[in-house]
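S.K.: Mind looking over this structure? Questions follow.
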Amino acid sequence: METFTNDRLQLPRNMIENSMFEEEPDVVDLAKEPCLHPLEPDEVEYEPRGSRLLVRGLGEHEMDEDEEDYESSAKLLGMSFMNRSSGLRNSATGYRQSPDGTCSVPSARTLVICVFVIVVAVSVIMVIYLLPRCTFTKEGCHKTNQSAELIQPIATNGKVFPWAQIRLPTAIIPQRYELSLHPNLTSMTFRGSVTISLQALQDTRDIILHSTGHNISSVTFMSAVSSQEKQVEILEYPYHEQIAVVAPESLLTGHNYTLKIEYSANISNSYYGFYGITYTDKSNEKKNFAATQFEPLAARSAFPCFDEPAFKATFIIKITRDEHHTALSNMPKKSSVPTEEGLIQDEFSESVKMSTYLVAFIVGEMRNLSQDVNGTLVSVYAVPEKIDQVYHALDTTVKLLEFYQNYFEIQYPLKKLDLVAIPDFEAGAMENWGLLTFREETLLYDNATSSVADRKLVTKIIAHELAHQWFGNLVTMQWWNDLWLNEGFATFMEYFSVEKIFKELNSYEDFLDARFKTMRKDSLNSSHPISSSVQSSEQIEEMFDSLSYFKGASLLLMLKSYLSEDVFQHAIILYLHNHSYAAIQSDDLWDSFNEVTGKTLDVKKMMKTWTLQKGFPLVTVQRKGTELLLQQERFFPSMQPEIQDSDTSHLWHIPISYVTDGRNYSEYRSVSLLDKKSDVINLTEQVQWVKVNTNMTGYYIVHYAHDGWAALINQLKRNPYVLSDKDRANLINNIFELAGLGKVPLQMAFDLIDYLRNETHTAPITEALFQTDLIYNLLEKLGHMDLSSRLVTRVHKLLQNQIQQQTWTDEGTPSMRELRSALLEFACAHSLENCTTMATKLFDGWMASNGTQSLPTDVMTTVFKVGARTEKGWLFLFSMYSSMGSEAEKDKILEALASSADAHKLYWLMKSSLDGDIIRTQKLSLIIRTVGRQFPGHLLAWDFVKENWNKLVHKFHLGSYTIQSIVAGSTHLFSTKTHLSEVQEFFENQSEATLQLRCVQEAFEVIELNIQWMARNLKTLTLWL
């Protein structure tokens, strides 16, 4: 293992000379504050801005930045003339001015040519200018109010490609694939053959399908009426990742055909498609492994196919492997046959009808533990040395599978269900039908090092992926615009099932926290409806965000709470039965609900107000005698009138639930539907207070006008437990969000949380810590150290009793243990009580034992963070990182390492993860987010992202969740106009596709909101905090 030394690494000067060092109002000049910033510019050598860090899989011969930009533009435009870019560039660079500076006199012939060129150029410009609002895009030129007026694409051989759209035509559909693969894990290449059975739905001559990165050696075609194979021409159009097979005869409606393609390709070195992994086992031996990740658009890189979710078909898969390897695919193994080369060919049974993105196969050394569940063999796989960490996953899967089969009243349709821990995997997990793939830390559980939070994570992710076997696999969205039908349902069922089966885990606390954070994102103007039109690969990747997952789940929770659990269950059972093995749209779901509710409620009309518009409502409530006056408007985090005026038409159908002091809370809850801008609810008696949005089951924020907030604050101080812990957390969230936009004074928010001295539940305390930590971070990053210290002191006084009651053990219920973890992390982060002393004592004992002494798992991260503050502690943690067999423990060490105040170490961590040798690249997003939360790491994280942007988008697809996370994690704490300008300027100099990414627009907006928040509240904080 490579060791770390500070003198090994020189930080680039531009990472020191950050714009944060420029003086501006309310900003500390950090260059003059060595105690706040551990590096002086003169201590480091200059590293040229153009220097490159090699990324695993990119190799040494990388394009320079200009060439990368040029090639990116070529791909974006999709025009054949861009293929000549290098030639154009070479000829241009051949021009040099005469040494003597003189100009030669042009000949008459040259003048004539020049005049001709000018006339042609002027003519072209006039034609373009006179075109009626023509916009050139990846698809071509779209005129206003017209569709499909596209530039005819040119195939790689110079011929016209017969299809110009990103979406495939529907004249031909696949019915069955026979796929044979022979991967070589030494050379990281593979040979493949795919035979596709086709049916013509319309007369056509061309077969358009997806393929990318394949060296196609043979294409043959055969009709059902003729058993003779014919070699056919193939055209390739890489910009849409499509190929066209020109059939030797017209394909007739209703007739069947067979297409066979033989090809070879590289095993990918990214995290997409059929990709390779190299890892080191416990004996320090290098091992090769190959796995797949096809969602959303990568099946086409493993085999030519109709790579859209609506094109469902069956699959027969054969894989040739070494004898010591195991091969897995979606279906049970049918046979294993030795080959002449001394290898083994495994054939798997024909699959059920499914989408291409759900196809999966894995080759490598694995062991498994299995259990039969009503005829389905459930197996959990891991690399051999980690097989002892699969017991929890197997037990959890068995319980969840039985629950889902009973709840949905549909049996799991396959004979086997495999769950595999992949040594290097970007996504958290993937729901491939019958072959679920996971990161090791989201499937494996080590009793000695995994905390209660780790246990909840593994349990929830298994629940999520199992729910997909029905929502997504059995019933699939037609196109990626309705991704929320897959992810929203799986996320909802994740929390619902865990709450039913593992009630002691209190998963509702996590769901509540997820809803709070999702609403912060959804309130932004850069948000989007969860059902949104998408076309390009970047737009599709961007749909995999917290809105598709958690807003989708939140809307289903709201609907279940409004209709009742019985009606909700009946409707989804009907939905699954009616659309099994089909591809559907949102309307199909709402039609199932309407069928169950009859004429009592138009669910489709109600829910479209939530799925087809972005954002959510702010409901203002006013008590007036025995009346509740209600008014709805869109919630905006900004008070800027120009933004609010543009969205005055928003209207939601809002389930209004409420409790009051006039009734017993556990017995009384009233619900009505607010489907207009304002309405009145008549109460049976006059009340002192009202709490709207009971248990925060509705997806909206509530403002209590006039004395409404004061009445609730008084009640919390008298007796907070008349409200549930969900409602108390909901009030804390709502009042801080409203204070942020100026609806209520910030001091009122702090008055509300004064009751926390008497709070014993996790959800309200963790929400208060989250809200106050946001304020602390903004103050700290601007250098307001005295003010941020006074804020910590105030919060500490509220929670002092709870902190002093904590023990450094793993005792108590899961909720109590998570509260202990949160409180002690807060106390140690700010050196409160004797927290640092206790953590240091535990760390020193652990270090003295060479890492063999057990630590309480729930406080392990806090102990490691305190230990990492010293040079000796940091280096010891780093030395232990690679030798640890538990991914849960490694993640805790990595978070501690990335929390250092030493910029050299932080930069080295990010660089090492990008390289992928010592720290896997899958961890880079976690490292950047952690560094970005620190002071002064937030400056370093952004500079690192800027310096390595091209490498990042090569490794992680543009628009992917990882890129979204990296952009947000490196910019979300900026709150100055200087930094806003810097971030804007950087992305404006990237491609148009990059600039238009929602995560980029969100970054601009978040910084602007941070600036507004500080302008609105800094003076107030200074006066009374």
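The backbone N, Cα and C atoms fix where each Cβ goes, and this holds for glycine too.
Small disclaimer: the values here were computed from a predicted structure and weren't measured.
Here's the feature list from Swiss-Prot:
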type	residues	note
MOD_RES	MET1	N-acetylmethionine
REGION	96-101	region 'Tankyrase binding'
CARBOHYD	ASN215	N-linked glycosylation site
CARBOHYD	ASN256	N-linked glycosylation site
CARBOHYD	ASN266	N-linked glycosylation site
CARBOHYD	ASN368	N-linked glycosylation site
CARBOHYD	ASN374	N-linked glycosylation site
CARBOHYD	ASN447	N-linked glycosylation site
ACT_SITE	GLU465	active site, proton acceptor
SITE	TYR549	site 'Transition state stabilizer'
CARBOHYD	ASN578	N-linked glycosylation site
CARBOHYD	ASN664	N-linked glycosylation site
CARBOHYD	ASN682	N-linked glycosylation site
CARBOHYD	ASN695	N-linked glycosylation site
CARBOHYD	ASN758	N-linked glycosylation site
CARBOHYD	ASN989	N-linked glycosylation site
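Set these features in their place in the structure for me.
M.R.: Other C-beta atoms found within 10 angstroms of the C-beta of ASN215 (N-linked glycosylation site) number 11, with every protein chain shown included.
Cβ environment of ASN256 (N-linked glycosylation site): GLN175, SER197, LEU198, GLN199, ALA200, SER223, ALA224 lie under 8 Å away, each six or more residues apart in the same chain.
For ASN266 (N-linked glycosylation site), the Cβ neighbour count at a 10 Å cut-off comes to 18, with all displayed protein chains included.
Secondary structure from DSSP puts ASN368 (N-linked glycosylation site) in a beta strand. For ASN368 (N-linked glycosylation site), other Cβ atoms within 10 Å of its Cβ number 18.
Neighbour density for ASN374 (N-linked glycosylation site): within 10 A of its CB lie 9 other CB atoms from the protein chains shown.
Look at ASN447 (N-linked glycosylation site): DSSP puts it in coil.
Within 10 Å of the C-beta of GLU465 (active site, proton acceptor) we count 26 further C-beta atoms, all protein chains included.
Counting only same-chain residues at least 6 apart in sequence, those with a Cβ under 8 Å from the Cβ of TYR549 (site 'Transition state stabilizer') are TRP484, GLU487, GLY488, ALA490, THR491. Under the three-state DSSP scheme, TYR549 (site 'Transition state stabilizer') falls in the helix class.
Look at ASN578 (N-linked glycosylation site): DSSP puts it in a helix. Its Cβ taken as reference, ASN578 (N-linked glycosylation site) is surrounded by 14 other Cβ atoms within 10 Å in the chains shown.
According to its DSSP assignment, ASN682 (N-linked glycosylation site) is in a strand.
Under DSSP, ASN695 (N-linked glycosylation site) is assigned to a helix (H, G or I) in the three-state scheme.
Its Cβ taken as reference, ASN758 (N-linked glycosylation site) is surrounded by 14 other Cβ atoms within 10 Å in the chains shown. Under the three-state DSSP scheme, ASN758 (N-linked glycosylation site) falls in the helix class.
DSSP classifies ASN989 (N-linked glycosylation site) as coil under the three-state reduction.
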S.K.: Starting from each candidate's C-beta and looking 10 angstroms out, tell me which of the glycosylation sites ASN447, ASN682, ASN695, ASN989 has the most other C-beta atoms.
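M.R.: Result of the Cβ crowding comparison: ASN695.
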S.K.: Mean pLDDT, the region 'Tankyrase binding' (96-101)?
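M.R.: Averaged over the region 'Tankyrase binding' (96-101), per-residue pLDDT gives 35.
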S.K.: I need the CA-to-CA distance for ASN758 (N-linked glycosylation site) versus ASN989 (N-linked glycosylation site), whole Å please.
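M.R.: The Cα atom of ASN758 (N-linked glycosylation site) is 53 Å away from the Cα atom of ASN989 (N-linked glycosylation site).
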S.K.: Which three-state DSSP class does ASN215 (N-linked glycosylation site) fall into?
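M.R.: The three-state answer is strand.
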S.K.: Tell me the coarse DSSP state (helix, strand, coil) of ASN374 (N-linked glycosylation site).
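M.R.: Looking at the DSSP assignment, ASN374 (N-linked glycosylation site) belongs to neither helix nor strand, so coil.
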S.K.: Cα distance, ASN578 (N-linked glycosylation site) to ASN374 (N-linked glycosylation site), nearest Å?
M.R.: 24
S.K.: Have a look at the glycosylation sites ASN368, ASN447, ASN578, ASN695, ASN989 and say which one has the shortest Cα distance to ASN266 (N-linked glycosylation site).
M.R.: ASN368
S.K.: Have a look at the glycosylation sites ASN215, ASN368, ASN447 and say which one has the shortest Cα distance to ASN989 (N-linked glycosylation site).
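M.R.: If we rank ASN215, ASN368, ASN447 by Cα distance to ASN989 (N-linked glycosylation site), first place goes to ASN215.
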S.K.: Taking the Cα atoms as reference points, how far is ASN447 (N-linked glycosylation site) from ASN578 (N-linked glycosylation site) in Å?
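M.R.: Cα to Cα, ASN447 (N-linked glycosylation site) and ASN578 (N-linked glycosylation site) are separated by 43 Å.
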